[in-house]
Amino acid sequence: MRSFIGSPIENSEEFSELLESLSFHKEINPVSMNNIHLTYLFLSDINDSQKNIAIKRLHQLKFKALTCRVNSLKTLPERSTPRVIVVVLDCPELSDISDALNETFSLNINHTQSFLPHITVGRYRKHSNPILLESIKLDICTVKLRRICLYKSTLTERGSIYEKIYCKEPV
């Protein structure tokens, strides 16, 4: 099972206007409203035994619900050909959660790149030119994160389908 740890966005309906404005650009494939989330950790392919261990570890995690400030809209990667458009969050607590998850899952991750809290809102189609992000209106001020979930990710021709396997509520 292809999987990752992330948080669903509690106020995801606020993204509808942004996703609609992205859909007017033929270069961009906006993310489905059902797929709006923040990713902390990609686990790759895990089996049932590993899934059960992941659920137990998430169950033991302690965290608080957060309201994070939206910082900006940007493309990633920045230096080479952009592949995605993201909403960047300004929320230091998210780095703490990311670090706790890395420790909980005993991952020796090379920290040459620091954790950038972001929500992917669009993907560039193959062989398309990046658009000027200044033309996209970003009216979202805050993002509410309440749960941390183990997601199953299924890749299809029409894009990824995410299914929540287990969600931990804040303490």
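From the backbone N, Cα and C atoms, a Cβ is placed for every residue, glycine too.
Automated prediction, rather than curation, is the source of TrEMBL annotations.
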If you look at how TrEMBL annotates this chain, which of 106-109, 118-121, 146-149 comes out as motif 'HXTX 2'?
118-121
Between 37-40, 141-144, 161-164, which stretch does TrEMBL give the note motif 'HXTX 1'?
37-40
Can you tell me how the residues of the motif 'HXTX 2' (118-121) break down into helix, strand and coil by DSSP?
0 helix, 4 strand, 0 coil
Count the other Cβ atoms sitting within 10 Å of the Cβ of H118 (active site, proton acceptor), across every protein chain shown.
20
As a test of the contact definition, list every same-chain residue at least 6 positions from H37 (active site, proton donor) whose Cβ is closer than 8 Å to its Cβ.
G6, S7, P8, I9, I119, Y151, Y162
